[in-house]
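A short worksheet on the structure shown next.
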Amino acid sequence: MGKLIDIPIVVESGQKYKTSQGVTAIKDGIKSSGQDHERLPKPKWLRIVNHTTPAYSQVKEQVQKHRLATVCEEAKCPNISECWSHGTATIMLMGAVCTRACRFCSVDTGNPHGWLDAEEPENTAETVALMNLDYVVLTSVNRDDLPDGGANHYAKTIRAIKKRSPRTKVEALTPDFQGSERDVAVLLDSGLDVFAQNVETVERLTHPVRDNRAGYQQTLNVLAFAKKYRPDVLTKTSLMLGLGETDEEIIRTMDDLRAHHVDILTLGQYLQPTKNHLPIARYVTPETFSELRQIGLKKGFFEVASGPLVRSSYRADRVFKRDNLGLDV
């Protein structure tokens with residue numbers, strides 16, 4: 001076992017370190033393999049334009065002031081400057097260390113041993129109120145170390161937001177809670193508007209892409225239960241493309257999702273976060289994303305956000321309103 005590195009020393013990707021809470025974690029989630037896969041050249045349509053506006057600075061200030069983790073930062077989202085410049089952010093609950101190690105994800109992994117910030121629900125609600133958000137997305141790391149997977153913490157946060165900002169729509173992009181319907185029900189009873197859980201990839205690639213504790217059918221079952229338990233709550237999921245799936249498998253996955261009553265689908269290009277993560281198998285063209293969106297709409301999804309830089313929570317407020325995203329994503 002390598003020597004642990006204490007913050008604030010810069011930690012290289014794949015190294016172990018200790019967080020400020022004393023949790024041992026692996027930076028960016030995947031141990032360093034010492035190998036570097038040859039990368040495909042990035043196509044011109046994936047050029048990211050950085051935005052710097054006063055709104056960007058305001059969001060960053062609020063996030064830092066209230067010690068909030070955002071998936072925008074932790075998952076190295078390519079849209080961070082655009083979304084923050086529009087005054088919106090996806091807030092990540094329950095810390096920045098995940099108990100799982102999916103091979104596409106750059107969130108740090110480890111075992112928090114039950115640690116939770118008891119002030120986080122109220123801090124999050126205060127931040128949402130100060131930012132005067134019409135729509136907020138909450139997500140989190142997986143917390144298999146907690147008996148309920150963090151469902152009650154999620155629910156407390158949503159109730160706190162709704163109490164301070166009753167008009168704010170709340171979307172929760174959650175872990176799978178190991179398939180526990182009881183834990184999912186706790187969250188669904190909190191007053192949220194959209195329940196999201198990501199299937200991430202096609203069934204054939206689930207094992208090599210996701211942590212072994214995740215499952216394609218398990219995710220489908222949780223989404224189906226959410227819709228059955230609370231028909232008034234929209235259900236949503238996301239697929240990354242470019243991991244080695246075929247177009248036929250994508251369409252088959254759409255059929256599986258509709259059979260489990262999923263309302264909203266997002267499709268985006270997988271981007272390799274570090275050399276230790278899964279390599280990109282292909283870059284999907286904007287034209288293909290557009291075609292897949294139309295196929296999804298014909299299959300009955302309320303909305304399909306589909307484009308190279310689309311992520312689970314990208315333009316979530318517009319998706320919620322079914323605001324015909326078109327081809328500009």
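Backbone N, Cα and C define each Cβ position, glycine as well.
Annotation comment: Swiss-Prot describes CYS72, CYS77, CYS83, SER313 as [4Fe-4S] cluster 1 binding site, evidence class sequence analysis. In the three-state DSSP scheme, SER313 ([4Fe-4S] cluster 1 binding site) falls into the coil class.
The number of other Cβ atoms within 10 Å of the Cβ belonging to CYS98 ([4Fe-4S] cluster 2 binding site), over all protein chains shown, comes to 27. Among the features that Swiss-Prot reports, [4Fe-4S] cluster 2 binding site is placed at CYS98, CYS102, CYS105.
Under the heading domain 'Radical SAM core', Swiss-Prot lists 83-303.
In this structure the alpha carbons, written CA, of CYS105 ([4Fe-4S] cluster 2 binding site) and CYS77 ([4Fe-4S] cluster 1 binding site) are 11 Å apart. The average pLDDT computed over the domain 'Radical SAM core' (83-303) stands at 94. Within 8 Å of the centroid of the Cβ atoms of CYS98, CYS102, CYS105, where the record puts [4Fe-4S] cluster 2, the same chain has further Cβ atoms from GLY29, ARG100, ALA101, PHE104, SER106, VAL107, THR109, VAL141, ASN142, ASP211.
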